[in-house]
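Read the structure below first, then the notes.
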Amino acid sequence: MKDPITVSITGAAGQIGYALLFRIASGAVFGPDQPVNLRLIEIEPALPALNGVVMELDDCAFPLLREVVPTADLNEGFRGTNWALLVGSVPRKAGMERGDLLGINGKIFTGQGKAIARNAAKDVRVLVVGNPCNTNALIAMNNADGVPKERFFAMTRLDENRAKSQLAKKASVHHSKVTNLCIWGNHSATQYPDFTNAKINGRPVADVISHVEWLKNDFIKTVQQRGAAIIAARGASSAASAANAAIDTVKSLITPTPAGDWHSVAVCSDGSYGIEKGLIASMPIRTIEDGKWEVVQGVPVDAFSREKIDASIKELQEERDAVKDLLPK
Ligand code: NAI
């Protein structure tokens, strides 16, 4: 048996946490021969609920699950962690401006970035799910002294999965036939699900779906607004699908990407595709091996795509400017 891998999860008593922990503990992420330690981080008032979740984890008697540590202490929560999944954040409430939300969450991610730098394992990787996830990841990354920037990610995989599913439905094919789908930019309503480079059964999407106006309008809008549509239908935000996307993201980052394909995740831009260096922006990524990834180069960006990407990057720049006091020079 391998040595256990340690996974820290913030917001572990929340909706996404509830859909995520049990799958990690069952081996669905790191495989059937990889034992797992869980360090579950919550704010003090949520510790009783978190203890209930821990009781349920006990009651599953998962063969791969070793230690489970519920805590409100960031040092304890990130001690020795190999994967930090930052799910917890403060939701936007009525009357709250986007800037207020950025500021409140920004402070949380400053502390978490510092605690990761102090306590995590040398190979730590950080995936931010809690919104606004790109900018939260930017703050954590810039406050985690000594942790390489390429270890920080923000989740846009749910958007990718949503986009694939919409294209598959429209083309009446199984969603597994849709590949090369890139989400560009911010995980927000400005994100750009790039149908121009996506493929269905290996063919360009526009060769299969001739309804170009649908692709340019309804498709993009449906993906951008899917989160709001789920809230309207369910009375609560996406949780199981978000947890599933977090699992897909981690799996895609530890497994070589199939030849010719890519996956979407927001990473620290190196300036590729004219995206300002240092922003956490979603783009096409290939995993070479566990721990090693690269931005896929040479993906064609036509004028339509350029405009959409630039609009989302502009929003990321504005978010970055709104939290600049939380970013050490
Ligand atoms: P939730 O409200 O059910 O749970 C959030 C949990 O985080 C709560 O238990 C809360 O106590 C905890 N929390 C708050 N501040 C914390 C802190 N400083 N440290 C540790 N824990 C803290 O929310 P849910 O549905 O689980 O969503 C979590 C986040 O994920 C939200 O920000 C949501 O917007 C985001 N999200 C992101 C998606 C993406 O695609 N990137 C998709 C869906 C949700």
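Glycine is no exception: its Cβ is also placed from the backbone N, Cα and C atoms.
Predicted automatically and left uncurated, TrEMBL annotations should be read as such.
What TrEMBL records for the NAD(+) site is GLY11, ALA12, ALA13, GLY14, GLN15, ILE16, GLY17, GLN112, VAL129, GLY130, ASN131, and among ASN105, ASN142 the residue it adds there is ASN105.
The Cα of GLN112 (NAD(+) binding site) lies closest to that of ASN131, out of the binding-site residues ARG92, ARG98, ASN131. Considering only the recorded positions ARG92, ARG98, ASN131, ARG162, HIS187, the residue whose Cα is spatially closest to the Cα of GLY17 (NAD(+) binding site) is ASN131. For GLY17 (NAD(+) binding site), the Cβ neighbour count at a 10 Å cut-off comes to 26, with all displayed protein chains included.
Taking the Cα of HIS187 (active site, proton acceptor) as the reference point, the closest of the binding-site residues GLY11, ALA13, GLN15, ARG92, ARG162 is ARG162. Considering only the binding-site residues ARG98, ASN131, ARG162, GLY11 (NAD(+) binding site) has ASN131 as its nearest partner by CA-CA distance.
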